[in-house]
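Q: Here you go, one structure.
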Amino acid sequence: MTEQKYIVALDQGTTSSRAVILDHDANIVSVAQREFTQIYPEAGWVEHDPMEIWATQSSTLVEALAKTGIRSDQLAGIGITNQRETTIVWNKETGKPVYNAIVWQCRRTADICEELKARGLEDYVRDNTGLVLDPYFSGTKVKWILDNVEGAREDAEAGKLLFGTVDTWLVWKMTQGRVHVTDYTNASRTMLFNINDLCWDQKMLDEMGIPASMMPEVKRSSEIYGQTNIGGKGGTRIPIAGIAGDQQAALYGQMCVEAGQAKNTYGTGCFLLMNTGQEKVTSKNGLLTTLACGPKGEPAYALEGAVFMGGASIQWLRDEMKILAGAEDSEYFATKVDTSNGVYVVPAFTGLGAPYWDAYARGTIVGLTRGVNSNHIIRATLEGIAYQTRDVLDAMQADSGIKLANLRVDGGAVANNFLMQFQSDVLNTEVHRPQVTEVTALGAAYLAGLAVGFWNSIDELQDKAVLDRTFEPHDDEEKRNRRYKGWKRAVKCAQTWSELHDEDD
């Protein structure tokens, strides 16, 4: 290459928009980030302003370029990764949203989900979209907008409105309304996409009263969708060449492109994805079936499980229990004791996610004796994150019949060496922590870079996936099984609480 070229990842998250610029060696050379407003109109409702999402995201790219003096004509391509499921409906003639973006966390469509369950659609949804009937996904959010925004249904029927997840909205804005597109990973989170036939599901569209004319074209996660001159001087055109939802982008950034490879992102919650290749695995253990990326960005199947409380349980120790000054101190205190002294902490503050899906379970500390101190509770809380991860991975291995070779990890909590070592012990599996932990942005950049020839092959990318550290399991089998049995008993206590509560009433 005669002149230094770069690739950009736009990472549009739930609380902030970021731009990450990478060089050919996949080193991060510039990052810019802007937070935006969280809107809570009613209890359980969460919204964003789509124009603010666009304004913050476009300005981060300009800022990231300005920080390093990189010119726009040095950009080989742009990849986009985004908060999934968040739903935007806009008028294609005016370019204006008809309502705020309804965010993935928003629970306002619970009644619509109940109505669809009453119509006997649960099995159809699971078999054809891979998902469960839940307000989390986009479909019921679109229906809510059409049902509740004045004039929206009429405009939709007249072909004036477009739907998109955040990636679709950004590409539409970046191309001045020329391109209305999404990728397979984002489409698979809408509850409107048939993951068997890889097309929009007409039955689901009909059941929700959503005109097919609103839906974007669905493409691979690595191809040129259109050109933009965002942040460019003198009309420099830059190809938009990669799109993936945030968790699937992280899976790709971790180079989990073959069947049986899995990653866990330790954030507020934990998101586990396992690539199952070209085989669609329907879960019997409370997991979602979704679409991820194969080696060249082509659609591949994956299993997904979400743990509601990961790093958030450490924040609870800090903010509510006040037994930690900072989350980063948890490793120090956890290693001041040799064991948790028989204590288990089940952080079911908002119920339990996969594989239990128990909305009524509540947080529980069991096994307390007089000898238990705050260090034991801190250690047990960290252990609880690792046990929940094993719960999901056991379900994935049972569903897929694939034995996990290793677990690749990312997210804030992976800096905690105690947690990573305990995770390895509990799973009896190697845990691989990468040197670059910005794997979501990496995934989007890799997908775009492959599409424009910035990188030539997946092999070239795998050479760049340098590990910071490999954690190997130390525990003997008897000890591991005894501990895990104790965890399972503790989970039963968390689940029994609501049943006992009902008996008292």
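From the backbone N, Cα and C atoms, a Cβ is placed for every residue, glycine too.
Annotations for this protein, taken from Swiss-Prot, read as follows:
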- Thr14, Arg18, Thr268, Gly311, Gly412, Asn416: ADP binding site (BINDING)
- Thr14, Arg84, Glu85, Tyr136, Asp246: sn-glycerol 3-phosphate binding site (BINDING)
- Thr14, Thr15, Ser16, Thr268, Gly311, Gln315, Gly412: ATP binding site (BINDING)
- Arg84, Glu85, Tyr136, Asp246, Gln247: glycerol binding site (BINDING)
Q: Which site among Ser16, Arg84 has the most other CB atoms no more than 10 Å from its CB, taking these as binding-site residues?
A: Arg84
Q: Taking just the CA atoms, what is the gap between Gly311 (ADP binding site) and Arg84 (sn-glycerol 3-phosphate binding site) in Å?
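A: Just about 20 Å between their Cα atoms.
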Q: Starting from the Cβ of Arg18 (ADP binding site), draw a 10 Å sphere and report how many other Cβ atoms land inside it.
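A: The answer is 23 other Cβ atoms.
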Q: Counting other CB atoms within 10 A of each CB, which of the binding-site residues Thr14, Gln315 comes out lowest?
A: Gln315
Q: Among the binding-site residues Gly311, Gly412, which residue has the fewest other Cβ atoms within 10 Å of its own Cβ?
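A: Comparing Cβ neighbours within 10 Å for the binding-site residues Gly311, Gly412, Gly412 has the fewest.
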Q: How many other Cβ atoms sit within 10 Å of the Cβ of Asn416 (ADP binding site)?
A: 22
Q: Compute the mean position of the Cβ atoms of Arg84, Glu85, Tyr136, Asp246, Gln247, which form the recorded glycerol site, and then list in sequence order the other residues of that chain whose Cβ is within 8 Å of it.
A: Gln83, Thr86, Trp104, Arg189, Gly245
Q: Far apart in sequence but close in space: which same-chain residues, 6 or more away, have a Cβ under 8 Å from Glu85 (sn-glycerol 3-phosphate binding site)?
A: Trp104, Tyr136, Phe137, Ser138, Lys141, Thr165, Arg189, Thr190
Q: In angstrom units, rounded to an integer, how far apart are the Cα atoms of Thr268 (ADP binding site) and Ser16 (ATP binding site)?
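A: Taking the Cα atoms only, Thr268 (ADP binding site) lies 15 Å from Ser16 (ATP binding site).
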Q: Using only C-alpha positions, which one of Thr14, Ser16, Gln315 is spatially nearest Asp246 (sn-glycerol 3-phosphate binding site)? These are the binding-site residues in the record.
A: Thr14
Q: Report, in whole Å, the straight Cα-to-Cα distance of Ser16 (ATP binding site) from Gln247 (glycerol binding site).
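A: One finds 16 Å between the Cα atoms of these residues.
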Q: Out of Arg84, Gly412, Asn416, which of these binding-site residues is nearest Thr15 (ATP binding site) by C-alpha distance?
A: Arg84
Q: Check Arg84 (sn-glycerol 3-phosphate binding site) against DSSP and tell me helix, strand or coil, would you?
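A: The three-state answer is coil.
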Q: Which secondary structure state does DSSP assign to Thr14 (ADP binding site), in the simple three-class scheme?
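A: Looking at the DSSP assignment, Thr14 (ADP binding site) belongs to neither helix nor strand, so coil.
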Q: To the nearest whole angstrom, state the Cα distance for the pair Arg18 (ADP binding site) and Arg84 (sn-glycerol 3-phosphate binding site).
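A: Between the alpha carbons of Arg18 (ADP binding site) and Arg84 (sn-glycerol 3-phosphate binding site) there are 15 Å.
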Q: Taking only the Cα atoms, work out how far Gln315 (ATP binding site) lies from Asn416 (ADP binding site), in Å, as a whole number.
A: 14
